[in-house]
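These come from TrEMBL:
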DOMAIN    B:71-253  domain 'ABC transmembrane type-1'
TRANSMEM  B:79-100  transmembrane segment
TRANSMEM  B:112-133  transmembrane segment
TRANSMEM  B:139-160  transmembrane segment
TRANSMEM  B:181-202  transmembrane segment
TRANSMEM  B:208-225  transmembrane segment
TRANSMEM  B:237-258  transmembrane segment
Amino acid sequence: MITIQGLSKSFTTRSGERVDALRDVSLDVGENEFLTVLGPSGCGKTTLLRAVAGLVPWDGGDIAVDGSPVRGPGPDRAVVFQNFALLPWATVLDNVAFGLRMRGVGRAERAERARSLIATVGLEGCEAKLPGELSGGMQQRVGIARALTVRPRVLLMDEPFGAVDEQTRRLLQEELLAIWEEHRMTVVFITHSMEEAVLLGDRVALMSARPGRIAEIVPVRLPRPRSRDVGGVARSGEYAEITAYLWERLRDMHAEHRPDRAHRPDEVAS
Amino acid sequence: MTAPTPVEHRPGGARRRPAAARLRRLPAAPVSLAAGAAAWEAVGRTADASALPPLSTVLDRLVEATRQGTIASSLADSLVNLALGLVISLAAGLLVGTAMGRWRRVDAALGVYVHALLAAPSLVFAPVFFSLLGAGRASIVAVVVTYAVFVVVVNTAAGVRSVPPHLVEMAHSYGASERQVLVRVVLPAAAPLIMAGVRLGVGRAVTGMINGEMFISVVGLGRLVTEAGGRFDSAGVLAVLLIVIAVALAALALVQAVDRTVTRWVPRTWKEER
């Protein structure tokens, strides 16, 4: 479904330093797969997602969706943003219908499809409200509904629940899983939470920082539908094991980037 | 002294007296206007200076001039100058400001002119217009535009530049064209700053109108001011001034009505009365 091959991107910081945001990243995401991308902050996971979305250029390598190379945003992909990116002057209905409007869908059909998605994310009755009148969790529900109205084949989610509180986050995870069980699609989900990565993903792509690269792909062979309920996979030993393993790997990565614990080749040699 | 009811225990605050409460409930703007009028009247009467007649004298003069019919025709003349100048200023200001805010090269090319002309005393261009456009309406409208347009340009450019990049990126992710980004994201997001510029522009346009009418071709309200000044008729000058102020306030009220509808979504940060 999504093929990423040898993707590299570097940028220059304000202080003139060259940073490899992504170096030689190769990754395949299957049709209707739920892939979570986990990594320390600054590992380039958001850059990777933005490249797949066609929102940023890259230096080398190829990205293809369904065999056709990515050269910009396309109707086959929709993005859910970490900071929601809702238009503060537009009602919930208009925000949800925004993508359809950009794609030239007529007013009546826009409203109908938007209303149905608003119901799916549980926001009936909020159609005429402004984003500023909603809680963070409700705002991200609007963001998810907006992405789903355009019926994308690939849903790109950039730490979508990173800006909401823990309780809301859990609710949103469960709702996202329920929506995905019903409308299967390919999802790439960026997160910095081990638990979230394991609960949601078919596989976890573990990234390391500076240079940003795929360190390991960890399969999550937990049965679906997944839940946190008694008897749900989130209570299983395997869930705990994978989560613990991911944390172990992440802690090692963080340690490598601490100057006092840095691995220094010259010292090893002497 | 009655026993205090629980309601009266406000944290850190004294009990509110009934008189103070009544005063707080009075509408602020009319009270302020009445106070200003009373002060004018008092200063005018005590100073007894010919340059500052009391408000009552000025109002008498205003009624008299209105009866003679000179005010109505001059006012109509001036309003046409103001309206033409404002329409041109808004159209040009929005266009140039949006281009400067959106494209760095346009900003680099035009920014220096805009800021220079914003700072320059606009009246110095009056002789230029006079010689190029003659002594007619065109020159006065041009003066109005030089007074009003640059502040609209500067604010529009600032508003367009301040649009959150993540909103533009979101629009791009849905395949929005540059025109769609401008109309559906950039301009609505910039509306609060644009409207602030329009408000300033309207005030400056009224100034430009009067100055143009006084210094280029003696028409409209500017002519009334000039004539009254020539007669050393201070009450007459101030009577016209009252009309000019009324025009400015009416124009501002119009702008504020538009402002309220386009920036309804902006959260208000000022302190509300309890």
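Positions of Cβ are set from backbone N, Cα and C atoms, glycine also.
TrEMBL: automatically predicted annotations, no manual curation.
Sequence-distant neighbours of the transmembrane segment (B:139-160) (same chain, 6+ residues past either end, Cβ-Cβ under 8 Å): 81-82, 84-86, 88-90, 92-94, 96-98, 100-102, 107, 111, 114-115, 117-118, 122-123, 125-126, 129-130, 132-133, 186-187, 189-194, 196-198, 200-202, 204-205, 207-209, 211-213, 216-217, 219-220. Beyond its flanks by at least six residues, the transmembrane segment (B:181-202) meets 86, 89-90, 93-94, 97-98, 101-102, 148-149, 151-156, 158-160, 162-164, 167-168, 170-172, 248, 251-252, 255-256, 258-259, 262-263, 266 of its own chain at Cβ-Cβ distances under 8 Å.
With a threshold of 8 Å between CB atoms, the same-chain residues lying at least 6 positions outside the transmembrane segment (B:79-100) that come near it are 106-107, 110-111, 114, 137, 140-145, 147-157, 159-160, 182, 186-187, 190, 194, 197-198, 201-202, 205-206, 208-209, 212-213, 219-220, 247, 251. Within its own chain, the transmembrane segment (B:208-225) has Cβ neighbours under 8 Å at 65, 70-71, 74-75, 77-78, 81-82, 85, 122-123, 126, 129-130, 135-137, 139-148, 236-237, 240-241, 243-244, 247, counting only residues six or more beyond its boundaries.
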